[in-house]
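Enquirer: Mind having a look at this structure? Questions to follow.
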Amino acid sequence: MTTKSKDLSYYQRAKRQREILVSGAVTLLGIILLSIYLMPLGYGVITSLKTKAQVSDPDAPILPSENVVFTYEGERYDVLNVPTDDGIQEWALVKKGRGSSTFLDINNPEAGPIEWEGNWRSLEPVRELDVQWSNYPDAWNTIRFPRLLWNTLVYAFVTMIGTLIASSMVAYGFARFRFPFKNILFVVLISTIILPPAVTLVPTYAFFVNVLHWGGTWLPLIVPQMFGNAYNVFLLRQYFMTIPKEMEEAARIDGAGPIRTFISVILPQAAPALTAVALFHFFFAWNDFFGPLIYLAGNRDANPITVGLTEFNGLYNSDTQLILAAAIISMVLPLTIFFIAQRVFIQGIVITGVDK
Amino acid sequence: MRWQEARWGLFFISPWLIGFAIFYLVPMIASLVFSTYNFTLSAPDEARFVGLQNWQRMLFEDPKTWESLFVTFRFALISLPVGMVTAFLLAVLLNSKNLIGRNIFRTLFYAPTMVPLIAAILIWSAVLNPQTGWINRVVEFFGVQAVGVNGLRWLDDPSLIYIAYTFIGLYGIGNAILINLASLQGVPTELYEAAEIDGANWLRRLWTITIPMVTPVIFYNLILSVVGLLQYFIVPWVLNGGSGYPEGMTNFYMIYFYKQAFTFQNMGYGAALAWLMFIVALVITLFLFATGRYWVYYSGDTGNDD
């Protein structure tokens, strides 16, 4: 009896140990993969805080740092790590020489100059952590961020409202009503997803720019968003179909027409799906590049953040630290929204992901 | 009553019906008509009807058409499998019960997808910088001495550029990961339990249960990736200026289309190129649907065969 329970507990212990080991290994693998995956973002943040000199120096340390300078009697000298009989000393280089150079001990400069035999070029400079926060205001001012952000935000919000209204209407139509050719129309709607936008682009462009003279304005980008889009309609329709029909019937008995039912019964019920669509759209608008590139050509004041960043990249391509600071500023808002709303967001994708 | 219902249905879908007519149907037909003309937007009155000349030139006389299509396919052949396999394996990892803090991992793996693409491209171009980027430091750390004085030139070396682009592409796989993940969670656990009793190990369960059960989602990701890659534009445009550099490796189809239609203002020829892209996309999609019958498994359609 006792031996048996002992065996059992031994077996259970072994099993638990094995589980902990597996969990540890899997989690470790996850951490390693995640670090590799996020490494470029880390690089971006760190590099955006460096000086231009450090960014372009291949031998510079990884963290933002600056060579230490020693000021003595009004002169500025680089401080180097000098190997001496008493170990490595931090000395300021006063006079560079071929065979020997003159140094000052920064802790005791009154002791006078010290001659050091050897090539000063072989010595490592002393560095200290030095974070260039000023890169951010510099980037902000150079790139005219307020203008770019404003343009992008207006575009995102105006089209978000348009696409929410239109897509939810269309989704409701497909989810709840019977009408001729409904299935064919739905297949046509879904197949617009695989239609390359290039096919419609040339005539649409000609129409907007030559007939309506909307070139250089946001109208060609905003107006087409007002008619609903296949992804959003699909997602919302999936969601609407899960809402119990009884609620609408109750509203109908109370005398509400279809529009009234849609607004006061369906839309409030679908808040999570509508939020997901709003977020999807926001990220789409924040990222939109090709449309603004062709329609806003020639009107720099109208540029969104994406086009503004590429232009900045072209003009300041030797100032990597500023470009990276600008890139990071441009991702602050989307990432913040994502982290706040990630539950809704991921749920939204799951709704579209399942049930295909 | 039925007529009334149909009327309401059509009312609700009318935004899309109108939008479809204005922004899809009419432009598609117009695009077909445009492809039989030669004209520029600066002088639309001088449009000249040329019949099928644009199509003939595009298909038989312009080597760039096929070259750019070939470039696009060659890149897709590398980038597509890498992206899909990575997304699937990461989803398996993020679905593992043994992963401690799964939700944090899921959020963090998804986060790069939320980084604006342009920002990600700019960061990647710095990371890939031959002298100062981290990638070459890592390569050197692992003792690859062949790197040379200037390091591996990721964006200038024709043999490396697609690898670099594929890395950048991995920053957009978040949605594919999530869709895979949702589908993995839908696999019935009884199947795994039964297999475990039969003594099937982890790899065998992955191969014989998980993968067949998630083939519909793999199929969906495949179609979206193919259609997306056919329109590959922003990365080569921002990084290599749409110049084709190096050695024509970045002459992607969409870039060629953009240059013809908007840089050179050959609107008619551009319309023909766009139609060819549509035909290629359609053929590939239909082909995938045809082959899908043999490898995509829908758990709903069992039972009829036996």
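Positions of Cβ are set from backbone N, Cα and C atoms, glycine also.
The structure displayed is predicted, hence computed values, not measured ones.
TrEMBL feature annotations, pasted as is:
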DOMAIN    A:149-341  domain 'ABC transmembrane type-1'
TRANSMEM  A:20-39  transmembrane segment
TRANSMEM  A:153-172  transmembrane segment
TRANSMEM  A:184-206  transmembrane segment
TRANSMEM  A:218-240  transmembrane segment
TRANSMEM  A:261-286  transmembrane segment
TRANSMEM  A:322-341  transmembrane segment
Enquirer: Residues of the same chain, at least six outside the transmembrane segment (A:184-206), with any C-beta under 8 angstroms of its C-beta?
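Expert: Sequence-remote neighbours of the transmembrane segment (A:184-206) are 170, 174, 220, 224, 230-231, 233-234, 290, 294-295.
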Enquirer: So, do the transmembrane segment (A:261-286) and the transmembrane segment (A:20-39) meet, by the test of 3 or more Cβ pairs under 8 Å (sequence gap 6 or more)?
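Expert: Output no: the transmembrane segment (A:261-286) is apart from the transmembrane segment (A:20-39).
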Enquirer: For the transmembrane segment (A:153-172), give me same-chain residues lying six or more residues beyond its boundaries with a C-beta closer than 8 angstroms to one of its C-beta atoms, as numbers and ranges.
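Expert: Beyond its ends, the transmembrane segment (A:153-172) has Cβ neighbours at 189, 218, 221-222, 225-229, 232-237, 239-240, 262, 266-267, 270, 274, 277-278, 281-282, 285-286, 288, 304.
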